[in-house]
Amino acid sequence: MSPAGGRVPPSLRLERQFLRAGHALVAGVDEVGRGSLAGPVSVGVLVVDAATRTAPTGLRDSKLLTPAAREALAPKVRRWAVASAVGHAEPGEIDAVGIVAALRLAGRRALAQLPVPPDLVILDGNHDWLSDPREPSLLDALDGLGDPAAGLPCPAPAVTTRVKADVTCAAVAGASVLAKTTRDALMTARHEEFPHYGWAGNKGYSAPDHLEALAAHGACPQHRRSWRLPGVAAAAGVPAPRSGPGDALVDVTSDTSSPRGA
């Protein structure tokens, strides 16, 4: 049975290979909110070590779980992990530096919350957006990235990328569940301030009710105004989104009507 189908549970096989190779702490990292029209992009990090036991029953990539299953798993995942955290980059930061640099910022904020930095990060996908860019960017000025006084990891831990790591690696799947449930809670809370957009249900993605509200009411401060928001004219004075490796992967047509919305 192919693990890509989600029917084979993720395991610690890859994490344990790295632990046996001499890494004391290995972290799984995954993001959520990349393709959303509103709200933050969020990055979860979950750390395991050689003593970490088998993952909680039912753990899967967050996109393969119902909201109720994710919520039930989240506290179990936190107790199972050696350490865990979720970091965010807000819409204004995404507009200022672009989605890839915003992912890096959110990931570094998550790593900065850990009591001890991991020796190695397993990052879902094939693009390393967590490590320092080859050239300085607006991100450096925005959040003091690279300055130890800013409380952010400097330098970033070693990173290895794995396609479908959120499906096959338990630490990454756990990170995806924590990132998703944390961001969902944030968007539900922000729904109270901006109820027109239906964020309690669509979580900021381009569901029909959100698109209808955008057409009727326009964008609010929680929207990513540098993006091409359906039915909304580009905001004056907002910089064009900065492009970078992986930016083309942004999907603003994500369907959150099923458990697969992330």
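Heads up, residue numbers simply count up from 1 along the chain you see.
The backbone N, Cα and C atoms fix where each Cβ goes, glycine too.
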Task: Same-site divalent metal cation binder from D61, D95, D119, D124, given that Swiss-Prot records D30, E31 - done: D124
Task: Sparsest Cβ surroundings (other CB atoms within 10 Å) among the binding-site residues D30, E31, D124 - done: D124
Task: Chain-mates of D30, E31, D124 with C-beta within 8 Å of site centroid, divalent metal cation - done: V29, V32, V43, G44, L123, G125, A165, D166, V172, A175, S176, A179
